[in-house]
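**Q** Per TrEMBL, the feature compositional bias 'Basic residues' maps to 1-10. What TrEMBL lists as compositional bias 'Basic and acidic residues' is 84-107, 308-327. Positions annotated as compositional bias 'Pro residues' by TrEMBL: 181-190. Residues or ranges marked as domain 'SKI-interacting protein SKIP SNW' in TrEMBL: 138-294. Per TrEMBL, region 'Disordered' is recorded for 1-21, 78-107, 167-194, 290-329, 482-503.
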Amino acid sequence: PKYGSRKGWKPKSAADFGAGGAYPECHVAQYPLDMGRKKTGAGTTLALQVDQDGTVRYDAIAQHGRADGSRVQSSFKDLVPLHNRTDMTDEDRAMERPDAEQVNDTAERTRLALERITQGKIKAAQPKHVPKNNNESEYIRYTPANQSADEGKQRIIKMTTVQEDPLEPPRFKHKKIPRGPAEPPPPVMHSPPRAATAQDQKDWMIPPCISNWKNNKGYTIPLDKRLAADGRGLQDIHINDNFAKFSEALYVADRHAREEVRARAQMQQLLAQKEKTQKEENLRLLAQRAREERAGITPSSEEDEEAIREREQVRAEKRREREKELRMSNMGSEMRAKLLAREQNRDISEKIALGIAKPSNSKETLLDSRLFNREALSTGFGADDSYNLYDKPLFHGSSAAAAIYKSRGNQGGNDEAFGGGTEDGIREEMSKDRFQLGNATRGFEGADSGEVRDGPVQFEKDQVISLDGTADPFGVEQFMNAAKKGGKRTAADDRESRKRARG
């Protein structure tokens, strides 16, 4: 702006100053032609960044300072396969490769760089050609800072790089550091770094090591610092309760072991005493037997001889069995087959007598089919004076009655016998008067009202009840009552008694 209208204006860029100096009427810090401005490098603090969803991007620090186009996997979605991600399009998933023109351009630049390096090494190997040094001489105008009468003159300095002798030993000691990882480090998902406060610095302050054993530099360390570093006066000795428990457990285990050793020693002593007593008893019996034999007395009895005979017999049987097993094991296959065939043809009584009978493995012979479909037997026993010999029918619940008391029909091939084997034929044959006897006008008494039966004759027992309510099958109570009453006995009474006896 023109002079007089520069109130509130702040010159910032070099173009604002033009070719002149600062503006005295503008009371702000001014740097015409960047004079007086401190040159500072790029800062290490990154600005806070957010993504498209408004979430803070903490992985920006991992991508800072890397080449353009490089990828750093710093989030969870980078672990998801590309075909499962929803925030990527088909073009992003395709990962398009560079075209042929870019590939050829890169290959040509690489070829030229390799040829340049190769040609330089070839020329350096030729003795009649001295390679041109890239670092040519430079001329520098030097103005000393001390502007005195003698040293205030400017000087022009020629800077030339001295050729180094390849066989000269190294002047400095180079320390090799480990090579960095080939891949970028995994990102640490935490908040961006913050400046440490005074309290944080105080908390992280680690005091220097003050040791009572090592002082390589020969420093003079005060005694109070040594005592503070040693900390003997600040220690509070505390003995854990587990030491007392451990000592008590050791004492109890020692006492228990001593008791076991004492009990074992007593048991061994008792066994030794018992064995000694038994030996003394055997010696006494031997001495007594020797005295009796010397005196001519035979102490053996019939019971001892019988026991000895039985033991000898058992030993002989065992010996014969072992000899038989030994012969069977040494026997050839042909002799063994003959022996097995001879044993199979033996009668079962002989097998039982010889002890070679074996139970059959067939499951069919282990069960008797006649016991199937039978009613369960009563678990209790009847009274001593009960008469239940014919308490159940003979063929109850089986097919035997139908097979026995049913006409077999025309099994013999005679069509005229049994009326052809059918019920109508049998009824027709029974109605015929084959012997010309005439039809009976009157049958047996009670026969016309009888039911047609298709099985064996079944009798029913008359239940005679005595006066006290108990069963009296033989009519003893009735006989005693009649005998007490007295009177003449009739034929009807005799028939009744005989009928009861038969029933």
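Cβ atoms here come from the backbone N, Cα and C positions, even for glycine.
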**Q** Any residues 6+ beyond the ends of the region 'Disordered' (290-329) with a Cβ under 8 Å from its own?
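**A** For the region 'Disordered' (290-329), the nonlocal Cβ contacts are 336, 339.
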**Q** In the same chain, who gets a Cβ under 8 Å from the compositional bias 'Pro residues' (181-190) while lying at least 6 residues past its ends?
**A** 58-59, 62, 66, 72-74
**Q** DSSP says what for the compositional bias 'Basic residues' (1-10): how many helix, strand, coil residues?
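**A** Per DSSP, the residues of the compositional bias 'Basic residues' (1-10) fall into 0 helix, 0 strand, 10 coil.
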**Q** For the compositional bias 'Pro residues' (181-190), give the DSSP counts of helix residues, strand residues and coil residues.
**A** 0 helix, 0 strand, 10 coil
**Q** Let's see if you can do this one: DSSP helix, strand and coil counts over the compositional bias 'Basic and acidic residues' (308-327), in that order.
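**A** Residue counts for the compositional bias 'Basic and acidic residues' (308-327) by secondary structure: 20 helix, 0 strand, 0 coil.
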